[in-house]
Amino acid sequence: MNRLLRSSAVISAMTMISRILGLVRDMVLFHLFPVGGATDAFLAANRIPNLLRRLVAEGAFSLAFVPVLSEYKETKSKEALQDLIDYVTGRLMLILFLITIVGVIAAPIVMQIFAPGFSTKEGARPELAADLLRITFPYIFFISLSAMAGGILNTWNKFAVPAFTPVLLNIVMILAMVWWAPYFDEPVTAIAWAVFIGGIAQLAFQIPSLIRLGVLPRPRFKRAHEGVSKILKLMLPALFGSSVAQVNLLLNTIIASMISVGSISWLYSSDRFVELPLALFGVALGVVILPKLSKDHAKSDGDNFKQTLNWAIRVALVISLPATIGLMLLAKPILGTVVYNISAWTDIQMAGMSLITYAIGLPAFVLVKVLAPGFYSRQDTKTPVKVGIVAVFANMLLSLLIVYPWYQSGAVGAHAGLALAVALAGYVNAISLMVILIRQDILHFSKDWVGFLARIFVAIAMMGAVLYFLNPVDEWWRETKIWGRLGTLFGLIILAAISYLGSLMLLGINLKKLIKGTH
């Protein structure tokens, strides 16, 4: 488990750099581009290729490709392995090219489908959103090939380079907002072009590593290939099951576009802070255990398979549960210090409401990232799909039950109900996956789990008390200069971490043993 944790730490470190730059990017975005029709247009146009990225590139494709690639690496010749890589690349490029052409040509229709409120809501910019989508849509071509390159490198236990590539996108976007935007008639157009260029940079950055490993893809298009057919067969159902949370977010974008101008921006800025711990720990754990679980399955090593999955769940809960409480208690201080100008207090309050409700689902989102490889590593893509369908319908039903009466009542913050629906649907997804793994005798919880969870909750309560009593009132945050807010926020986070980790140690949870997988 030490090797897995080190690999996870590498990914987390790279992701931390990327997320810090992502926060800088968002700070620049919301300071230079006020919340309104143009900003909502870019965020909606950017969310569509990003949804496809998470569903196809980082979701279904990676989860189908890595297990098959691992199987070939363990059981086939080097020539057969290279053939698989070459034919997968050729087939993927062809499919992506066709999708990109359709997306660019039909951009207004795509935008109407995914954000219908733009055509009716006062202050919305539907034509601008369609124009921006034409620029951002090709990103899916480059980022999908980048994800394939990352899957190859991860299979060879080379995690740092793929994990670093998002940094390049953030750098290009920041440069675009600061230096390129003033030269455009519509400044947000510069950010859209930055997304396009960033996709190319992410792919190009990984090519030298592929060359050094001797596995640089050489696209082939002509004949069918057994491995490619197997990946496609696994990938089709995984398209739905791999990223249910992202489907739910897209449904919320559709509803948010109908509520009020600013809702998409509030949901976006709050979602970013839930994505931070999710990417740092949930995604990182999922990425490193998938090749390990796939290898264990290929070798029929059931004991190691179960041990790895159980260890990952423990680590996921130890991290995600306190992160949830921290985000809920520090929602407005975080948003008012890191993203928004403190004078935009209405935006801070609105985004704070959705951050609190999004954060409720963080443990579930992290668990899904850890539990899903338990299926995909065994080349079972059908089960997560069935669970995903249930979760999506749960989200749709909850969105209607929560948001409609909230919006009809005239009360502010109906967008927060959308975030709550996503959170609750996340638990439907996570609990269902867990129950199925238990029934399949893949997952087993020993008696010490009750004591383990009890001690975590006590430690969280201690941490929560520290934050609750030491966090200044709203008026203090509104009246204090930026450096005072930054210092106080940083201090509160440090104190929360000390109180939580200290409580765990006093309660007898040996973090060193947990890291080693011996709990």
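Along the chain as shown, the residues are counted starting at 1.
Each residue, glycine too, has its Cβ placed from N, Cα and C.
Please treat TrEMBL annotations as automatic predictions, because they have not gone through curation.
Here's what TrEMBL has on this protein:
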TRANSMEM  92-115  transmembrane segment
TRANSMEM  135-156  transmembrane segment
TRANSMEM  163-184  transmembrane segment
TRANSMEM  190-213  transmembrane segment
TRANSMEM  234-267  transmembrane segment
TRANSMEM  273-290  transmembrane segment
TRANSMEM  311-335  transmembrane segment
TRANSMEM  355-375  transmembrane segment
TRANSMEM  387-407  transmembrane segment
TRANSMEM  413-437  transmembrane segment
TRANSMEM  449-470  transmembrane segment
TRANSMEM  482-507  transmembrane segment
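Of the ranges 190-213, 273-290, 387-407, 449-470, 482-507, the one with the most Cβ pairs under 8 Å to the transmembrane segment (135-156) is 190-213.
Using a Cβ-Cβ cut-off under 8 Å and counting only residues 6 or more beyond its ends in the same chain, the transmembrane segment (482-507) has close neighbours at 318, 322, 326, 330, 333-334, 336-338, 342, 455-456, 458-460, 462-463, 466-467, 470-472. The transmembrane segment (273-290) and the transmembrane segment (413-437) are not in contact, since fewer than 3 Cβ pairs between them lie under 8 Å (pairs 6 or more apart in sequence).
Under 8 Å from some Cβ of the transmembrane segment (92-115) lie the Cβ atoms of residues 44-45, 47-49, 52, 61, 126-127, 129-131, 133-134, 137-138, 140-141, 144-145, 148, 219, 221, 250, 253-254, 257, 264, all in the same chain and six or more residues away from its ends. Contact between the transmembrane segment (449-470) and the transmembrane segment (311-335) is present: at least three CB pairs lie under 8 Å, with pairs separated by 6 or more positions in sequence. Here the transmembrane segment (163-184) has long-range neighbours at 10-11, 13-15, 17-18, 21-22, 24-25, 28-29, 32-33, 146, 150, 190-191, 193-195, 197-199, 201-202, 205-206, 284, 287, meaning same-chain residues at least 6 beyond its ends whose C-beta is under 8 angstroms from one of its own. Away from its own ends, the transmembrane segment (190-213) comes close to residues 29, 42, 45-46, 49, 132, 135-136, 138-143, 145-146, 149-150, 152-153, 156, 158, 161-162, 164-166, 168-170, 172-173, 175-177, 180-181, 183-184 of its chain (Cβ-Cβ under 8 Å, at least six residues beyond either end).
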